[in-house]
Amino acid sequence: MLFNLNDEARIIGISGMIGSGKTILAKELARDEEVRGHFANRVLFLTVSQSPNLEELRSLIRDFLTGHEAGFGTALPESVGHTRKLVILDDVRTRESLDQLMFNIPGTTTLVVSQSKLVDPRTTYDVELLNEHDATSLFCLSAFNQKSVPSGFSKSLVKQVVGESKGLPLSLKVLGASLNDRPETYWAIAVERLSRGEPVDETHESKVFAQIEATLENLDPKTKECFLDMGAFPEGKKIPVDVLINMLVKIHDLEDAAAFDVLVDLANRNLLTLVKDPTFVAMGTSYYDIFVTQHDVLRDVALHLTNRGKVSRRDRLLMPKRETMLPSEWERSNDEPYNARVVSIHTGEMTEMDWFDMDFPKAEVLIVNFSSDNYVLPPFIAKMGMLRVFVIINNGTSPAHLHDFPIPTSLTNLRSLWLERVHVPELSSSMIPLKNLHKLYLIICKINNSFDQTAIDIAQIFPKLTDITIDYCDDLAELPSTICGITSLNSISITNCPNIKELPKNISKLQALQLLRLYACPELKSLPVEICELPRLVYVDISHCLSLSSLPEKIGNVRTLEKIDMRECSLSSIPSSAVSLTSLCYVTCYREALWMWKEVEKAVPGLRIEATEKWFNMTWPDE
């Protein structure tokens, strides 16, 4: 049962995104015979809402708990706690409001219904979106006044419409009402409009959006801006938190941790979902293993709010969905510079002739999504002198060849470059140095011999690079030694690269390196002894490196090392020098390897060793 059977005071929560059915669930609980029997019909249901009269609500709760309307000030008689009572507070917006409405009285259970997670997550029920069967029943109730598709009506049309609502009760009810008593021909048109990301009619869209927009008024301005930034990404995709962090940091002047806190706040308000990759269970130091997802309706609201006003004056210039060409309204507005700081493009294959001239003097973030084997980058990049974050993502089935790359001379202010499912362009001595690039991401790319060119001084091209991430690059056989010339590096992450066999022996040149992640590199056989000469190394992840059989004998020299993740390795022992790892505080290994750390555990006070079960399944990322 949801409610406690003892007589202690208790607070529990119901949480979920706007329109998910939280209030309906709470009202059903208030009417439920078993619940009412448990509380002897002593159930109070109050709606708090956005601008509550807290004094009046508090008075109503006090009168309910005392059983009469006599005033007791702030004190309540001892007899109050002798009976069980249920107080349901619906639509609570802030923790401050909740605190003023709470009475810590034995026997009293308070059920808090809120979009945000205001109650301990361990006692909060998260309302899930509806499965197909329940979604269809709810939709049919609204569209046909019955719980099933009427005889003779197209079940295929109903299924398509229900699918577009993605299980959100609010959307299902509004959409059903807009199609009620309409002929099948109208439904067919509605399905076509929905498939294009358009509303069935203005009423359908406005009713859903109005309810969601109202909840955004509680956000502080910066958090609301970050919510609107989510519209820059394609619907239905997992967004790596690293991409979002880089974006928010640059355009909102936030530190990494503060940007992540904003995402957590949005997640707590059910305006997005944070998903942690289950393969990373150790205490890592990167956000790369976390992804963000967002319900399509929430993304549509962000786009709706963003795409108001004159095109050239918008802070964000976003394409809601993939199109063969750029929107015609963009071309009609290109007679003056665009005001956008964030630009997001989503197309198919583009040739040089498909682009038209655009001027983005204020653009700091450019996101290019496409689906093609060949892609010509937009020529107007050459004029984006303020660009800080550049994201290129190919959603096609094979890596694309990029044309008009490397990056033009005007992008020397670039801080972060994300390349996904493309052939990494070959570096050349004529390439203009990216003097301010700090972070480079190569995801599902063909690296070819891009970095392995001794005639090129990579450190000159990337003089300030601090982080390099290489993930799912199956043609990477070894990390080129030239990369070790980038002495500013403090993080190297090589993950899910099935063919890498060794690291360069001159890795000791990376005197600033703090993080070395080598997750799921099954052919990596050893670590170079030079790793023991890294004076600032804090974190090493060698988990799921199935062929790695030993650690360097002098690993104990790395006195700064704090965390090691070595799940699913083939290590048969730990070097005796490991007892000198005086800063080590956290080790993750599989259960059979616990005995290896016994001596180290005795020698290093406070060392925590976490054992996990064996598991490994190297799969390509889902689309």
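Placement of Cβ uses the backbone N, Cα and C atoms for every residue, glycine included.
Marked as domain 'NB-ARC 1' by Swiss-Prot: 2-51.
Per Swiss-Prot, the feature ATP binding site maps to Gly16, Met17, Ile18, Gly19, Ser20, Gly21, Lys22, Thr23. Ser20 (ATP binding site) has a Cβ environment of 23 other Cβ atoms inside 10 Å.
Sequence annotations record features per position, and here Swiss-Prot assigns domain 'NB-ARC 2' to 119-249.
Taken from Swiss-Prot, the feature repeat 'LRR 1' covers 488-511. DSSP labels the residues of the repeat 'LRR 1' (488-511) in these numbers: 5 helix, 6 strand, 13 coil.
Under the heading repeat 'LRR 2', Swiss-Prot lists 512-534. Per DSSP, the secondary structure of the repeat 'LRR 2' (512-534) breaks down as 5 helix, 3 strand, 15 coil.
Annotation source Swiss-Prot lists repeat 'LRR 3' at 536-558. Among residues of the same chain six or more beyond the repeat 'LRR 3' (536-558), those with a C-beta under 8 A of the stretch's C-beta atoms are 279, 282, 284-285, 490, 511-529, 564-581, 588, 616, 618.
Counting residues 6+ beyond its ends, the repeat 'LRR 4' (560-581) has Cβ neighbours under 8 Å at 281-285, 519, 535-554, 587-590, 593, 596-597, 599-600, 603-604, 612, 614-616 in the same chain. What Swiss-Prot lists as repeat 'LRR 4' is 560-581.
With a 10 A radius on its CB, Gly16 (ATP binding site) counts 23 other CB atoms from all the protein chains. Below 8 angstroms of C-beta separation, residues 286, 288, 463-481, 517-528, 530-531, 533-536, 618 of the same chain, each at least six residues beyond the ends of the repeat 'LRR 1' (488-511), sit close to that stretch. Listed in sequence order, the residues of the same chain lying 6 or more apart from Gly21 (ATP binding site) and placing their CB within less than 8 Å of its CB are Val127, Leu130, Pro169, Leu170. In terms of DSSP secondary structure, the domain 'NB-ARC 1' (2-51) contains 16 helix, 13 strand, 21 coil. Compute the center of the Cβ atoms of Gly16, Met17, Ile18, Gly19, Ser20, Gly21, Lys22, Thr23, which mark the site for ATP; besides them, the chain residues with Cβ within 8 Å of that center are Gln115, Val127, Pro169, Leu170, Asn270.
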